[in-house]
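To start, the structure itself, in structure tokens.
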Amino acid sequence: MYPLKETMREFMTTFSLCGYESLLADKVKAELQKYTDDVVQDKIGNVIATFPGSNPAAPRVMLFAHMDTLGFIVRCIDDDGYIRFDRLGGIPEKILPALEMTVGAEDGVSFYKGVVGNKAHHVTPPEEKYVVNKIPELYIDIGCKSGDEVRALGIQVGCPICYTPTFRELQNGRVSGTAIDDKAGVAALCQVASMLKGLPHEATIYVVGTCWEEFNLRGAMMAARTAKCDLAISLDCAQCGDTPDLHGKDNVTMDNGPVMVLYDFHGRGTLNGYIAHKNLRDHALACAKRRGINLQRTASIGTVTDACYLQFEGEGIGMLELAWPTRYTHTPIETSSLADIAQLAELTCEMAVSIDANFPLGRFEDRT
């Protein structure tokens, strides 16, 4: 049995802010090299493992999940040693005061614990108690007495900051911590790789850990150009609708199986989103039924993943987003079920190995 929990623990406790994924990329590369000799890393940092297929006429299939995490960047260092920062990715500002943070030095291997300062309760006036401070108003205290002391540690403007990496086990096979989005997806991919090693398949399959998803969504595009894939399946988290504050807003529930994303759209900035490829959608449903897996469905506005840009590479890539239910996303206490993630890996593998030369690539093309 694949050690999914241990792999997630290893990945989730490894620092890998967008643009600083190298420590995790090295671990992902080493894990994938257990299952194939063909593992490379492209110039942007994506880790690409190739599992050759038996039929050159079959589609090329890319399975991917992003290795990077959201976080922050050092914006300036005060003379008295406090660190000001800006966000990198979709950060919920209201959770930040009094959180523990880890600040990375410029050498890429030195890290320092810190805390986001928070005005003491006893001196906070009533009118401030329910105010959400904007990120430019916040600061990190790492215990230094001066800006020079901070810089002497190798911390400079532009250095990375993340929620301090954590992994904790909860009841009923559930786990919680930092960056379940998307290190659980990367761990699931490694489980898929372990299964592919012993299975026949017509399609050449690329298992890819991508970079820069939380930053600009475009790191996966470089991997798709390397793989020259025809079809792609992304693994990322899906919002749970089973907590008291979200009842009735989404049908996705924990411990009820993996999730198929039919639609997502981000209405801010550069308008982008994704609509599931019909034939991959039907293929997922058939594979889930064959394996006895309950496949949940979701469609959402306000979320978007690197799948939205990857589908426009080359002559167009057939795209499907698969996911697992996750609570409290983009916080340091993201929570998921190991059973859902393990079933996601099983479904993904079944889909990949059963794609053959007759699989219809066109969005409106029917299977013969």
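Any Cβ shown, glycine's included, is placed from N, Cα and C.
It should be emphasised that the depicted structure is a prediction, and the values quoted were computed from it without experimental measurement.
Per TrEMBL, Zn(2+) 1 is bound by Asp181, Asp236; the candidate from His66, His121 named for the same site is His66. Binding of Zn(2+) 2 is attributed by TrEMBL to Asp181, Glu214, and the same site annotation extends, among His283, His330, to His330. Checked against Glu213 (active site, proton acceptor) by C-alpha proximity, the binding-site residues His66, Asp236, His330 yield His66 as the nearest.
Reduced to three states, the DSSP call for His66 (Zn(2+) 1 binding site) is strand. Secondary structure from DSSP puts His330 (Zn(2+) 2 binding site) in coil. Remark: His66 (Zn(2+) 1 binding site) has Asp182, Gly185, Val186, Gly209, Thr210, Cys211, Trp212, Glu213, Glu214, Gly219, Ala220, Asp236, Thr305, Asp306 as non-local neighbours, by Cβ distance under 8 Å and separation of at least 6 in sequence.
Cα of His330 (Zn(2+) 2 binding site) to Cα of Asp181 (Zn(2+) 1 binding site): a span of 8 Å.
Sitting within 8 Å of the Cβ centre of Asp181, Glu214, His330, and not among those site residues for Zn(2+) 2, are the Cβ atoms of Thr69, Leu70, Gly89, Gly90, Ala179, Asp182, Thr329.
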